[in-house]
Amino acid sequence: MSPAKTRSRPASHGADRAETSPAETARRARILIVEDDPRLGRYLVTFLAQQGYQVDLVDDGCRAAEIIPVEQPDLVVLDLMLPGKDGLTICREVRTRYDGLILMFTARDGTVNQVVGLEMGADEYLIKPVEPELLAAKVRALLRRRPPVPGAESSSSRDTLRFDGLEVDRTARTVMLDGRSVSLTCAEFELLVLLAERAGEVLSRDEILMATRGIEYDGLDRGVDVKIAQLRRKLDDRSHPPRRIKTVRARGYVLVPSAW
């Protein structure tokens, strides 16, 4: 990556290096950390490198906003408070040119920032102070959403879900609506696949959170609602009330197969 950053290659000595499968080795995840606290930044670089990832560090918001669309890392770990540009601004600006994963750090009392971050395009958030094992688990869960390695698809035919004008290709991770391509973030794509696979079935927030993020619904998390709103906007579901992805009061959401 660019010279104004700190880079740490994965540790090569046995005790510190996480076990990786051949597939993981063939496409080792590239993580960009955007953090202005020198001590925390160095710790995150070392910790994630020991997990087997290729890690880079940027400590300035303006520089990060330039680097992310150019370098296209698999995952950006983005602090909220940064010099130059804050994390929310970076998230909003890069989302038009970067479809990768964004994990945002927020303060313990930062519920508003968590919601706004998700609305700006973040895939997940983590509350400071950072707990190493929780960070590692969140990173692993997010990276499972990555598109497959080009040329490494199974011999089976591509698995496409079709609803009249909507096509969702789970293998290529592409979405077509009325013949045009729709750009979705990884989190939005995973949510759409879940809804499409169970089209016509009402899915509760708890079911959606467990399937997409591996956590239970606490009655307060608005992440599902934010992602549903983003999907509706990108899939031209602009009627009031929405007719393609419907809200079922006190129950959840349902993708309507006949509405496309």
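Glycine too: its Cβ is placed from the backbone N, Cα and C atoms.
The region 'Disordered' annotation in TrEMBL falls on one of the ranges 1-23, 139-161, namely 1-23. Shown for the domain 'OmpR/PhoB-type' (158-257): DSSP residue counts in helix, strand and coil, namely 34 helix, 23 strand, 43 coil. Under DSSP, the residues of the domain 'Response regulatory' (30-143) split into helix, strand and coil as follows: 54 helix, 24 strand, 36 coil. There are 23 other Cβ atoms within 10 Å of the Cβ belonging to ASP79 (4-aspartylphosphate).
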